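Chemist: Got a structure for you, questions after.
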């Protein structure tokens, strides 16, 4: 990465603000390099080529937009720069001459033959053929290794065998060598797709199969063999309906064998090698089509995949041959509905809608039976997809497929608008992230990149495997047999002067579970060994005996039933109330009630939690240096010191940068760190621990699931009169910060709407799940969503018009009014009404609403929706005044260079760049002279965690305070020597013994924060405000959707760094899109009886938990920063406002636009409730029609909701 010629790609991403936390950036660079290096000198990369480059990469920070824009602007439709065309070095050609490779390790042998004869010879030498495992692309082996713990003694790599690489077209079909890659196939089909229907269908499906990176390595043979017993396949259904032949060769007798692909699973495959496949061509009087629906379009395993083939007598409109195959009904199972196929083929059926969508549909549903115990769940949705795909195929053959949703989307575009006229040198100016270049080159160091000392040991955690149980015994006998095993640590090893108790606010949990476990994946112990692999092997062999207990409470409804809540007795319910709700209801024209659920969300920061603890000993004194990926350095320091019985000054926590946090690295990551520190302190050796993605997801908690119940009274025009709300959050088994989160949710239930009579109650439910925790928004989005769902319900109930924005405008707060918790919306700082009007005009809302209605009238099976919504987000934590303080240190060296540090953590939000800008502005020096070093508790004590979007508001003023001290110190010298350069000025100051370092401090004025719940008086420092508008198009037959356009207008007052802040808007928006429409955590609970382990997290890996990708970004994405707010006394950091969390909620415009589109499809249907996330399953099942009706049992009709873990 560092040596890439000219570093054009790295510069492109860095200088287009396409890096935030930086953890994913090298991968983005390499994906783009792959695309560019594979374009010939004659072919310029297209816009589609560039966008497709990133469909195998995940980014949680940027929202992808700057990555796409920067790459397209620099490289699309342009000649490949010469410095990117790298020839293989001639001096290495001889050394790299192709030859067989054989490597024998301790536990494994590796062989790479060049010919089949080499392979035959090697096989003769192997006594046990079952030990042999063939690999080609090898794209599935890591999955097997991690999730199935599979190990293979002999690996044979087939990719260099020339006989397996051939592609040959014959008169009646295509022969494909088993080691031809999917990318090679895709390229071949692209060139010839106009000449053969088979090629076109295959090419279209390959575009949504895996990603470019995987397709470059994965082979057609590997795909067939792997997906025939492990995973749902996109391609196998096509191969089945095309009656593909598989051609094998026996490795001992060299006999050639050809079988039909449908017989593959039942054949004896001992000593057989797949050489090639043969796919017969589709005739001109035949129709072939393939479909797939996944949780997201790109790089995802299908929920259901299928292929249909039809031979039709066009004159008589009769079916001559019909075939179909389905994937998604069990790992690797291709379902062939033979009874239905025989019914069609044994009778000369007419190709009519009635025949296909009545008789054939009924036969198909009768043959494909699923229930709540079926693997992977979603029985109704999967059966609905089967018949929806059948209907799509009918429309395709009938030449009416233009009515259908197109999965391929146009090339995305964007627009960013902000004021550049500010009269400042550095502050308020767009400046790239200070670490952008080293992010892109891969030189940026994260915890797991730090070098290990020669005696460093490794840890692996031992987790509980029961959701509610008493620990009877712990046995480490087997673990101790592992080579390199050092010690197992548990609660017994906590020093007598230390404490096993832990909790960020209330100490209601343990570092190591001692007698009880209250959820799956609680930390019971830590195995330490000489290598990470040995530590993990040992951890798997620690035997814990349990006595299982009841009840096991997993859901909010179960918690309510058992009255299981967190908080002090008698204080488990928080209440805020204004006015008199009963009088309000009595004065209302209408009263409605409703409820809905919101699911959890995984933080999914790119860098899993990692720790390195190094003890430095001098005699009896030990200093522990803790390197952690954390949002709170002091929190780590204090927890380690308390657990080990040390003073805080004996523990130093160092944080250079963090690869994303979003709240997940504030408290739930402390327990593994303490465990690591315990081992290092006891052994007096460095110990490191890096969680796997699965461990991280299971251990560190998530955004809280919610159940929200409401009763609302309103007038006939939609004016709110009275609201009664009950909020229930699934907090998990311990308190963590759930009560503070509930308070924030409660203070946001009004959003931007006034209601004179409002009561809201909140409870944190105690369940047998890992403790949930803070996540971006911290209860705000959940509270805000309740307001929007109430407005939507009123609009659906009254049916006054097709425009819900009218009711929103009617109830919107006016400048000078007070919120229901008695905070004034000052006229000089309440901009939502003005912003609403501005975005409504610039976004052409009224015209586009008419266009959407017209589109929906013309299109039956795809519908569009448009939504305009605003937000206000309170900044500060009124109940936690102690969080609102900060310290910063500036050190000036004799050469004039400056080192700054403070208590804030760089998580990718650009905090350090903003602090460098502020320092340069205050001292009036060149920005290149300033460097930020790590955050460290030996430099800045008692740091405030980097949470709540507050850090720039806290550490900026602290640095300003330090700068003012320095300016005061330097003023006399400047007065005496006004012409001195900065460097000479500092040199003179040193000679005159002037202090050249300063510690700054800032605390938010108490008058700006208030928290008095009994008196209904809550004050935030200020509100960050925004308005958003989104237009979507949905596929009513599958639940897929595109975000056609999004417009966002945010008020950050005077942005400290406009491009960094716009990046925060876009990243927050896409994280919100995931939250509201895609990301769904599934637990082993009563809603999911097919999951065998009760209380376990089913989708604790990126293979099952789906984040938005580049293909999910709005096709047209426009972001504007309001330039009319000059700030006030509350916006103390250069009149700027907090950035990170407030924009997330504006992604609700996507959810509500989808709801509008669903309503357009559900003509003359009763009102309906949508739970969140609004996944493709929930969209399709809400688009109720005769197809959905036919898969829902009568006892579920009218109340059916897809399952979810709440």
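Just so it is clear, glycine is given a Cβ too, placed from its N, Cα and C backbone atoms.
Curation does not apply to TrEMBL; its annotations are automatic.
What TrEMBL records for 21, 24, 59, 61 is [2Fe-2S] cluster binding site. Annotation comment: TrEMBL describes 103-284 as domain 'FAD-binding PCMH-type'. Summarising the annotation, TrEMBL assigns FAD binding site to 234, 274, 292. If you look up TrEMBL, you'll see 631, 662, 776, 948 marked as Mo-molybdopterin binding site. If you look up TrEMBL, you'll see 666, 744, 778 marked as substrate binding site. According to TrEMBL, the active site, proton acceptor annotation covers 1141.
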Chemist: Using an 8 Å cut-off from the Cβ centroid of 631, 662, 776, 948, can you name the remaining same-chain residues around the Mo-molybdopterin site, in sequence order?
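Modeler: Surrounding the site, in chain order, are 661, 663, 664, 666, 774, 775, 778, 907, 946, 947, 949, 1140, 1141.
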Chemist: Residues near the substrate site, 666, 744, 778 excluded, by Cβ within 8 Å of the Cβ center?
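Modeler: Counting only non-site residues, the set is 663, 737, 740, 741, 774, 775, 777, 779, 877, 947, 948.
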Chemist: Test of understanding: give the count of other CB atoms lying within 10 angstroms of the CB of residue 234 (FAD binding site).
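Modeler: 25, counting other Cβ atoms within 10 Å of residue 234 (FAD binding site).
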Chemist: Provide the number of Cβ atoms within 10 Å of the Cβ of residue 744 (substrate binding site), excluding the reference atom itself.
Modeler: 26
Chemist: Taking the binding-site residues one at a time (292, 776), which has its Cβ surrounded by the most other Cβ atoms within 10 Å?
Modeler: 292
Chemist: With an 8 Å cut-off on Cβ-Cβ distance and a minimum sequence separation of at least 6, pull the same-chain contacts of residue 666 (substrate binding site), or say none.
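Modeler: Set apart from residue 666 (substrate binding site) by at least 6 residues yet with Cβ under 8 Å, we have 504, 630, 631, 632, 635, 737, 773, 774, 945, 947.
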Chemist: Looking only at the domain 'FAD-binding PCMH-type' (103-284), report the model's average pLDDT.
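Modeler: The predicted confidence over the domain 'FAD-binding PCMH-type' (103-284), as a mean pLDDT, is 90.
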Chemist: Let me know the most crowded of the binding-site residues, choosing from 59, 274 and counting other Cβ atoms within 10 Å.
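Modeler: Result of the Cβ crowding comparison: 59.
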Chemist: Residue 292 (FAD binding site) to residue 61 ([2Fe-2S] cluster binding site): how many Å between their Cα atoms?
Modeler: 29
Chemist: Which value in Å gives the longest Cα to Cα span across the substrate site residues 666, 744, 778 as recorded?
Modeler: 17
Chemist: Round to a whole number and give the Cα-to-Cα distance in Å for the pair residue 1141 (active site, proton acceptor) and residue 948 (Mo-molybdopterin binding site).
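Modeler: Given the Cα positions, residue 1141 (active site, proton acceptor) is 7 Å from residue 948 (Mo-molybdopterin binding site).
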Chemist: What's the CA-CA gap between residue 744 (substrate binding site) and residue 948 (Mo-molybdopterin binding site) in angstrom, rounded?
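Modeler: If we compare the Cα positions of residue 744 (substrate binding site) and residue 948 (Mo-molybdopterin binding site), the gap is 11 Å.
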Chemist: I need the nearest neighbour of residue 776 (Mo-molybdopterin binding site) among the binding-site residues 21, 24, 59, 61, 234, using C-alpha distances.
Modeler: 61
Chemist: Nearest by CA distance to residue 234 (FAD binding site): which of the binding-site residues is it, out of 24, 59, 61, 662, 778?
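Modeler: The answer is 59.
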Chemist: Tell me, in order along the sequence, which binding-site residues from 24, 59, 61, 274, 948 have their CA within 10 Å of residue 778 (substrate binding site).
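Modeler: 948, listed in sequence order.
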Chemist: For 21, 24, 61, listed as binding-site residues, tell me which one has the smallest number of other Cβ atoms within 10 Å.
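Modeler: Among the binding-site residues 21, 24, 61, the sparsest Cβ neighbourhood within 10 Å belongs to 24.
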Chemist: May I ask which of the binding-site residues 21, 24, 274 is closest to residue 662 (Mo-molybdopterin binding site) if we compare their C-alpha atoms?
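Modeler: Closest recorded candidate to residue 662 (Mo-molybdopterin binding site) by Cα: 21.
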Chemist: Far apart in sequence but close in space: which same-chain residues, 6 or more away, have a Cβ under 8 Å from residue 948 (Mo-molybdopterin binding site)?
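Modeler: Once residues fewer than 6 apart are set aside, residue 948 (Mo-molybdopterin binding site) is near 778, 875, 876, 877, 883, 1138, 1141.
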Chemist: Let me make sure I understand the span of the FAD site: among 234, 274, 292, what is the greatest distance between any two Cα atoms, in Å?
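Modeler: Taking every pair of listed residues, the largest Cα separation comes to 26 Å.
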Chemist: Neighbourhood of the [2Fe-2S] cluster site (21, 24, 59, 61): other residues with Cβ within 8 Å of the Cβ centroid, in order?
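Modeler: Filtered neighbour residues, in order: 19, 20, 22, 23, 25, 60, 62, 606, 659, 660, 908, 1067.
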